[in-house]
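Annotation comment: TrEMBL describes H37 as active site, proton donor. The ATP binding site annotation in TrEMBL covers 30-37, 147-150, V176, 184-187. TrEMBL lists Q61, Q153 with the feature (R)-pantoate binding site. Annotation source TrEMBL lists beta-alanine binding site at Q61.
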Amino acid sequence: MHIITTVQEMQQIAGELRASGKKVGFVPTMGYLHEGHLTLLRQAKKENDIVMLSIFVNPLQFGPNEDLDRYPRDIERDERLAREVEVDYLFYPSVEEMYPTDRTTNVEVVKRTDVLCGKQRPGHFAGVVTVLMKLFNITMPNRAYFGMKDAQQVAVIEGFVDDYNIPVTIVPVEIVREEDGLARSSRNIYLSERERQEAPHLYKSLCMAKERIVKGERNPKNITSFIKEYIETNTHGVVDYADLYAYPNLTEVEKISGRMIIAIAVKFENARLIDNITLTVE
Ligand code: PAF
């Protein structure tokens, strides 16, 4: 695995790979790799000749109340894991390398952000697409892989790539789950034993909601109030949101039809868990 820390060297290698016709799969991350990232990297390995991983904790996507300095970092462990899944290039720039001067421009996001988790994080997605504009120009990948655990991020990135005609195929990758259905997350370790036993009810509520839709329910409010009530009856968690939107536009619908997302966020004592399913209704 080659470790590259400068924009110039990474861009030169990426240009040579493009010219040679090799297909490059890219997985952008902020490091502290977990099973979700490794799943993206394994899929990128299967579908491309070369796999690039970036590790960069992007200050632009942190709000004033979100502690950038406390973001977990462990580059040695990340390097070991990246080698295990046979990453070819690890791009690991410093903040000064990525943002050497005061910025003149930032990419703005005008839709898909004022709902779900984005509602509580103004400016977050502008930071995400601004760094991706840079990372895509530096690594020049054919495909870029993102987990559907953060389905809102995928929706924003798909819109961004379309808007700017960026020649990268966005590959959304399904949520990785434990055997009992709980979506894998580094936050699951903060659940108490009792909460951990209750947590699979989150995914169960989404599956039951889907079943209701399959059986003919078309009123979004009936679906979201069913989920809220189910979770609050079967767990000690408090539902932050349980929403149903058209996907990927993330607009409200009066009647369930077309491609939809049902997304939830639930607060337990020391962890806030998110989960979602997407489905298409003819
Ligand atoms: O999902 C993340 O880890 C980040 O938002 C991303 C896409 C790497 C941009 O910094």
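Heads up, the Cβ atoms here are built off N, Cα and C, so glycines get one too.
TrEMBL labels come from automatic prediction, so no person has curated them.
Comparing Cα positions, S186 (ATP binding site) lies closest to H37 out of the recorded positions H37, Q61, Q153. Only M30, in sequence order, out of the recorded positions M30, G36, H37, M148, V176 have a CB under 6 Å from ligand 1. Looking at Q153 ((R)-pantoate binding site) and M30 (ATP binding site), their Cα atoms lie 14 Å from each other. Q153 ((R)-pantoate binding site): 22 other CB atoms within 10 A of its CB, across all protein chains. The Cβ of the residue listed as 'active site, proton donor' lies under 8 Å from the Cβ of V27, T29, G147, each of these being in the same chain and 6 or more residues away along the sequence. Listed in sequence order, G147, K149, V176, R184, S185 are the same-chain residues at least 6 apart in sequence whose CB falls under 8 Å from the CB of G36 (ATP binding site). Note on proximity: among M30, L33, M148, the binding-site residues of the record, the Cα nearest Q61 ((R)-pantoate binding site) is that of M30.
Cβ neighbour count for Q61 ((R)-pantoate binding site): 20 (other Cβ atoms within 10 Å of its Cβ, all protein chains included).
Residue with the densest Cβ environment among the binding-site residues M30, L33, M148, V176: L33, by other Cβ atoms within 10 Å. Within 10 Å of the C-beta of S186 (ATP binding site) there are 13 other C-beta atoms, taking all protein chains into account.
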